[in-house]
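Quick look at what TrEMBL lists:
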type	residues	note
DOMAIN	35-421	domain 'Major facilitator superfamily (MFS) profile'
TRANSMEM	40-64	transmembrane segment
TRANSMEM	76-96	transmembrane segment
TRANSMEM	103-121	transmembrane segment
TRANSMEM	160-182	transmembrane segment
TRANSMEM	188-212	transmembrane segment
TRANSMEM	247-267	transmembrane segment
TRANSMEM	279-298	transmembrane segment
TRANSMEM	310-328	transmembrane segment
TRANSMEM	334-356	transmembrane segment
TRANSMEM	396-415	transmembrane segment
Amino acid sequence: MSAVNTKASSGGEEEALEMRSKTLGESSCSGEIQRGQAIFVAYLIATLELTFLFMQMGVMPYLAKSLGLDSVGFGYLQTTFGVLQLVGGPIFGRFADQFGTRAALILSCASGSAFFLLMSISTSIPLLFLSRLPAVFMHGLPGAQKLITDLTTPSQRADALGKLGLCFGIGIIIGSALGGVLSTTFGIFVPMYVGLVGNLINTMIAMIWIPLQAKPKSDHRVTEHRNLFSFREILCLMKFPGVMEIFIVKVFAELPIGLFLIMFSIISMDFFGLEAVESGYLMSYFGVLQMIVQGLVVGKLTNRCSEGTLLRLSVFVFAVVGLGMALMRTVWHYCIIAVPLVFAFSMLGTITNSILTKAVPSSNTGTMLGICASVQPLTRTVGPTIGGVLYKQFGVSSFGYLQLIVNVGLFVYLLKSKIPLGEMKSQ
């Protein structure tokens, strides 16, 4: 009986997608073409926004130091950014649900322009902190995820969401390299000017190429009278079957490796003995791995295996990576471990996002994606304190043991739990 209900629900979403396609053109064929163009534009906007974001991340420590901000103050600056993203993620997703993906992407790109504008005139520490404020609505990646979720069927969703990781890899490689070259050659504020102009272009792309209706009008009628800032209504999504369980798995599986990555700049210097240039090469290596895994591996696996199987596989691989991290001694060990690490990280993010957007009504997928996007800002907010204590008291191996223990526990939980992964469809 449940299989029949699942099939019926999936069929309903297929019909809804056909209706969405027809809103994008005069015919079904035309609508399908424009739907593909809209998804491509979502990838483009996400790639550009991530490139500009990583570009400024490489320059920010030097800008902060030139203004007289010490390491403690820089930590506060990073925490401010993390808190604003943490709070803004669910609100941004709710905005996308109520006003449409096009409006949400325009808001994100315009906020990015304001972000880089304020950075470009940051001649004092207060102005530098003020430049973090627009980050509350800078969520290009969740915005792109929302558009893709609206314009794909449940069977296509995981593959399409997985390809966004390719955008992430391109952003890391180009952004990190471009920020260093521009700041060294032309001055520390030039990357900010490039980011400002780039986000203005992104805003125009979103205005011109993203369709006015990327989801059924009925969804807008459902949400138009709701309070945008109602965290009570946002948290109500956790009451849908399986949502809380999957979200907990997502948070705890990513937390240990998140703590390690936050401390990686210090670990690369103290433990691996790398210079700044070598750390840059290592980041580029991660970007290439991300592109390969997301572009060639994740999509094929999501088409061949069930989401429940891939969720358990990613958690199991995370546990194996934890054991490897506990035993690693050189940067070459870490380069080997990075392969399954990137696979598990990419697969877990893609699969959990896909499962969670299917578990809630289509009128709330943006809010759900916003909640998912808040996981990394949460880690960046609490991570420096927890990661610093672990590293100082127990060393690098403590991150590996923590990851091993947590993910073994999650793997056992997923094996024994009765989460209806195969039946989690939009209501």
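Including glycine, each Cβ sits where the backbone N, Cα and C put it.
From a predicted model like this one, the values you see are computed outputs, not experimental measurements.
Mean model confidence for the domain 'Major facilitator superfamily (MFS) profile' (35-421) is a pLDDT of 84. Pairs of Cβ atoms less than 8 Å apart link the transmembrane segment (188-212) most often to 103-121, out of 103-121, 160-182, 247-267, 310-328, 334-356. Between the transmembrane segment (40-64) and the stretches 103-121, 310-328, 334-356, 396-415, Cβ pairs under 8 Å are most numerous for 103-121. With pairs at least 6 apart in sequence, the transmembrane segment (247-267) and the transmembrane segment (334-356) have 3 or more Cβ pairs within the 8 Å limit; the two touch. A Cβ distance under 8 Å defines the sequence-distant neighbours of the transmembrane segment (247-267), meaning residues of its chain 6+ beyond its ends; these are 238, 279, 311, 314-315, 318, 321-322, 325, 341, 345, 348-349, 352, 356, 371-372, 375-376, 378-380, 383-384, 386-388, 390-391, 396, 399, 402-403, 406-407, 410, 413-414.
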